[in-house]
Every structure is written in structure tokens, then in C-alpha cells.
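Lifted from TrEMBL, the feature list:
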BINDING   Glu95, Asp118, Leu120  Mg(2+) 1 binding site
BINDING   Asp118, Asp121, Glu283  Mg(2+) 2 binding site
BINDING   Asn214, Tyr247, Lys277  substrate binding site
DOMAIN    9-200  domain 'Fructose-1-6-bisphosphatase class I N-terminal'
DOMAIN    205-334  domain 'Fructose-1-6-bisphosphatase class 1 C-terminal'
Amino acid sequence: MTVNRRILTLDEFTLQQLRQFPTATGELSSLLRDIGLAAKRVNVEVNKAGLVDILGDAGTINVQGEDVKKLDIYANNQFMGVLQHGISCAGIGSEELDDFVVFDDEVSNQSKYVVMFDPLDGSGNIDVNVSIGTIFSVYRRVSERGKPCVKEDFLQPGNRQVAAGYVIYGSSTMFVYATRRGVNGFTLDPSIGEFCLSHPDIKCPPSGKFYSVNHGNFFQYDINVRKYIDGCQRKTKETGGPYTQRYIGSMVADVHRNLIKGGIFMYPGTTDKPKGKLRLLYEANPFAFILEVAGGKATNGKERILDIQPTELHQRTPLFIGSSEMMAELESYLNQE
Ligand code: AHM
Ligand code: MG
């Protein structure tokens, strides 16, 4: 008789990690459990998006001037709700909200962490059944516990993240998170409603075949970026190619593929938008942290993403992120006069 391999759930895994730190309080495990719970609720709605009247525009424009889809609002409320009612989070910042939210109640003021998230990244893809995701970033607050959290708790450079992760609502639903100790991926088993450890200790291959960029903007990119993209298209077997271009338009899906298989993702500045499109605090920073822990790299073209001192919640940054050797080659182009 064959014996089933022991499956570790997300909760079991985080508790197991906790046991290795005798002084740990369990607040991070609790926070990850809360995020996992919200992700499962969002997953249910994403799966039936075509069936119920939750699909489509909510008819409002968010703080970035973009159309807000109903699922964006639903996801935002789920993540904010679990974090507000949990025991670990003192406040949040979200792509969908104008400003930081300080929870300011007895339990929250005692909490150790603040969280920033993009509740539904790639939401332009909802209507067409393409993978979308949630991205989150966790910081230990710098303000005194017992009091409401403050702006400085949120405006910390990415190198101070305690944990970061994403959920991909794809052909299966996965929860991937990183701490300094490693990156681990959990696949949702719908039959038991649990995220189960499926991708332990993820390492990003140093090189790969994929490059992901919006080619439609090609003539708006800086000359060195264009030269690099041109170089990607000229790769031969002898120079590590041929490369394959893959751009889904959901950063979570594009970076997830490149993390697992090796590749590079770019959202450079354009002549119209010199800072690009992506947001530092809840898109670039969490992925930069995850990729670096997995052995990859992330820059804005001039400096390491994780070293940028943020000044505001919704600030944007150009982003180049991926496998270490591919990033080194990219940087050799970007550094040209
Ligand atoms: P969103 O947060 O409004 O969904 O926008 C972010 C998304 C990323 O997931 C994706 O990589 C990018 O926007 C695609 O933008 P573009 O269509 O300009 O290439
Ligand atoms: Mg979004």
C-alpha cells in the first residue's frame, strides 16, 4: 500500500517556521493566515466572475485615474477587512485607496506590522479570463506600539520589508511569499480549501529564455532600453537564445513565470510617463524583495529598487526585474553613454 506524502498547509508551514524562533510572537503567521483567507474569498469571486454581476466597471475612477472594476473593490474590502480585524496589522495602504488607513483601535494599535497591497493587479484582464493577482508587502512599524501607526511606518525603503508575497489567480491559484529565509509557494487545493506547499524554497534560475515588455511602447523607450530589446531579439543559440517574448499584461503572471523559469520583466519609463506605470510600494518593492531572496535582481535602471526611499503611497517607478545574469546583461546596456 502506498502512503500519501505528507502535505503541509500554509498555516502549518508558517507555524513550523515560527518554532525555529523562540522569541517570535506568531504575529507574522497570523498576518499571513489573514491574507490567505482573504485570497481564498477573492478566488471564489474571481472564479465566478463571468457568472454573476460582479464583472465589469464599477463606474468610478480610482486615485490613479484608472477605471475601477467591481472585483477590485471587492478584493480591496476583503484584504482590508481581514487585516483590520486580525491581531497583527496596525494600518494599510492600498492601490485602491487615496491615502494610508490607520486602523486606530485597541488591538490594531498594539500590532507590530503595516501592510501595503495591490488587491487585484492586472484587473484589465478580468473581463477576458486571463490570470490576475494580489501583491502585498509587510513592514515592521517604526512607531511606538500602543499608539496609532504613522506615515513613517509605511514610507520605509523596500530593503526593510519583513515579508512580501503575491497570489496568482491562474489555471490554479497560488500563494507565494518570501521572508529573508526563503521563498515558498503554495497551491490552493480547492477540495479542502487550503493552500498546500507545492513549491518549497523557490530559486530564480540565473538565466532564462523569457523577456517580458510592452512592445507597443518600444519607440517611447530610452535608446539603451531599445538596444537591449533589440539585443533580445537577436539572441542566437550561441548567445544564450533564442529568447521568447511573453507579455500577459498582468505583472503577477509575468513575473511569476520568470521567477520559476528564468527571465526578465521590464516596465521602463516612456516619453509620456518617464516614471513608467508601476507603483513602488505595492508592486515593485514586494516583487523586488521576492526576486532578490530567490537570487534575482531588480532596479529602476539607475538604482536598486529596494534602496529607494519612498516619499508617497502611490509613487511610480520604472522597473527591471528578473534573473541575475540577464539583469547583469541589461545593466551593461543601460550603463552605456
Ligand atoms: P494595474 O495595477 O492597474 O492592474 O496595472 C498594473 C499592470 C501590471 O500588472 C502590468 O504589468 C501592467 O499594468 C500592464 O500595463 P500596460 O498595459 O501598459 O503594458
Ligand atoms: Mg491594480
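Glycine residues also receive a Cβ, built from the backbone N, Cα and C atoms like all the rest.
Features per TrEMBL, on structure.
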| residue | record | Cβ neighbours (10 Å) |
| --- | --- | --- |
| Glu95 | Mg(2+) 1 binding site | 26 |
| Asp118 | Mg(2+) 1 binding site | 28 |
| Leu120 | Mg(2+) 1 binding site | 30 |
| Asp121 | Mg(2+) 2 binding site | 26 |
| Asn214 | substrate binding site | 15 |
| Tyr247 | substrate binding site | 16 |
| Lys277 | substrate binding site | 19 |
| Glu283 | Mg(2+) 2 binding site | 26 |
Any idea what the model's mean pLDDT is for the domain 'Fructose-1-6-bisphosphatase class I N-terminal' (9-200)?
91
Could you give me the DSSP helix, strand and coil counts for the domain 'Fructose-1-6-bisphosphatase class 1 C-terminal' (205-334)?
59 helix, 20 strand, 51 coil
Tell me the Cα distance separating Glu283 (Mg(2+) 2 binding site) from Leu120 (Mg(2+) 1 binding site), rounded to the nearest angstrom.
11
Filtering Glu95, Asp118, Asp121, Tyr247, Glu283 (binding-site residues) by proximity to ligand 2: which pass a Cβ cutoff of under 6 Å to any of its atoms?
Glu95, Asp118, Asp121
Calculate the distance in Å between the alpha carbons (Cα) of Glu283 (Mg(2+) 2 binding site) and Asp118 (Mg(2+) 1 binding site), and round it to a whole number.
7
Spatial neighbours of Asp121 (Mg(2+) 2 binding site) among the binding-site residues Glu95, Asn214, Tyr247, Lys277, using Cα within 10 Å, are Glu95
How far is it from Asp118 (Mg(2+) 1 binding site) to Lys277 (substrate binding site), counting Cα to Cα, in Å?
13
Could you round the CA separation between Glu95 (Mg(2+) 1 binding site) and Lys277 (substrate binding site) to a whole angstrom and send it over?
12
What is the set of residues, excluding Glu95, Asp118, Leu120, whose C-beta falls within 8 angstroms of the centroid of the C-beta atoms at the Mg(2+) 1 site?
Asp72, Ala75, Asn76, Ser94, Glu96, Phe117, Pro119, Asp121, Ser123, Thr134, Ile135, Tyr282
Cβ within 8 angstroms of the Cβ centroid of Asn214, Tyr247, Lys277: which residues besides those meet this for the substrate site?
Ser212, Val213, Gly216, Asn217, Gly249, Tyr267
Once Asp118, Asp121, Glu283 are set aside, which residues in the chain still have Cβ within 8 Å of the Cβ centroid of the Mg(2+) 2 site?
Glu95, Phe117, Gly122, Gly133, Thr134, Ile135, Met251, Val252, Leu278, Arg279, Tyr282
